[in-house]
Every structure is written in C-alpha cells, then in structure tokens.
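**Q** Positions annotated as DNA-binding region by Swiss-Prot: 136-195. What Swiss-Prot lists as region 'Disordered' is 95-143, 252-275. Taken from Swiss-Prot, the feature region 'Leucine-zipper' applies to 203-224.
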Amino acid sequence: MIKLLFTYICTYTYKLYALYHMDYACVCMYKYKGIVTLQVCLFYIKLRVFLSNFTFSSSILALKNPNNSLIKIMAILPENSSNLDLTISVPGFSSSPLSDEGSGGGRDQLRLDMNRLPSSEDGDDEEFSHDDGSAPPRKKLRLTREQSRLLEDSFRQNHTLNPKQKEVLAKHLMLRPRQIEVWFQNRRARSKLKQTEMECEYLKRWFGSLTEENHRLHREVEELRAMKVGPTTVNSASSLTMCPRCERVTPAASPSRAVVPVPAKKTFPPQERDR
C-alpha cells in the first residue's frame, strides 16, 4: 500500500511538472511491478536526491508520436537507490532486460547510465584482432619501451624468425608467438614501404638531373648549328670573284687553286664527220 501510494505521488508530481512548463507535452506514467516507465519521452532528465525532496535537475520532453518504435526510453527506479538507469531500444536491440534472459541472449541490449560519464569500455575505438573465429576480440597490442627496443634489435639481426626463435623471444618478452609473428610482419611491411619511398625519391631526383642535362645538350646543339651555318653564308658572297677570261667563278683568296680553262670542243664540217 505504501509503495502504491508512493508511485501515485511520483506520477502526479510528473504531471504537475509537465503542466507547469506549458511548452512540454503531457507525460503519461504508470506503475508495473515497482518499475515506473515513461512511454513517450524525448529527453531523459537526471534526477538528484529523488527520495528526499522530489527536486528535478532538468526538464522532460515528450515524443510527438507515442507509437514510435525506433526509440523507447525506460526510466527504472530501484527501491533503495536515487539514481536512474536509461535503456534505449533501437531496431536490432532488445527493449527489456527480461527478454534477453528468456531468449538466451539472442539479441544485444544497449544500456546507458546518465549518472556517470561514458568510459572507454562503453565506446572504445581501438583496433581488435582475432586469432580464430571462435576467439573473443581483444585490444590492440601495447608494447613497452623495453619490448619495442628488444624487438627492433631482433629485427635488425634477422628480418624473419623460425618457430623456435619466436618461442624464445615470446617467452623473454612475455608475449605470445603469434604476437611476435604479427609484429615482424608489420615491421617488414613498414621497412619495405620506407625503402620504396626512398627509391622513388631517388628516381625523381635522377629524372630531374637527366632532364636538365637533356635541355643543356639541346641548347649546345642549337648553338653549334648556328655557328656552322652563319659564317659560311657570309663568306660565300664576299670572297668570290669573276674571272674575265673563262667566265668562271673562282675564290680570290686562293689563286693557286684557279680553275684551268678547258679548250673549246673542236667541231668538224659535215663531210669530215661523215667519214
């Protein structure tokens, strides 16, 4: 009887609070097995010291569509606690904690606690790795400085390890052989990528030097062609003279190379040519 009276007081308190703020819609509440449920609600308000003085720390909004199946917010009030648990149900997730127990945990349930800040366990974006399909996911491997130093020294000595070396190194570093193998694979991939980047940079510089050398050779070829063709055309008009005897063109600078006139061809009369 006391519990029922307490539930009714809570219900009417919520209604009065909703009517006091006319901007908000009416909030319907009902009692079922000690659980007070908000069927239509937009924002969930954290309540402080609820059992002592019924004071509210913020406001409550109602959804416009009460049959909305995308979001259902349940406020669970334990008997001996002043904190509220928030359960948000979305498609693919269960809306009640009892359904998961009855179905054997076939669907997952997303639970949020408004009384504390989300921790790293609630939303961890770190990478996970699987040894096989049945193994649970585990977080990305975090190495200490000493472990990293020993692994780097081992990698400098040998880029690949046999199973026996993996066992010895894993035992020394307190790791699993599979983790040692994965670390060496990643290290070889990083080393190969670094070497490829260095080779690409070297080839770029070499290509630039060859391009400059090619341009320089082209300029030299053009200069040589200009030097060979230019003076020849100038001297050909100034150093040639006309010989009045043979009417031939001879160079004036070299008289010893004068062309000897060729005698005219002797012609015969028609009678002698017939003989």
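We count from 1, first residue shown onward.
Any Cβ shown, glycine's included, is placed from N, Cα and C.
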**Q** Residue counts in helix (H, G, I), strand (E, B) and coil for the DNA-binding region (136-195), per DSSP?
**A** 43 helix, 2 strand, 15 coil
**Q** Using DSSP, tally how many residues of the region 'Leucine-zipper' (203-224) sit in helix, strand and coil.
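**A** Looking at the region 'Leucine-zipper' (203-224) with DSSP, the answer is 22 helix, 0 strand, 0 coil.
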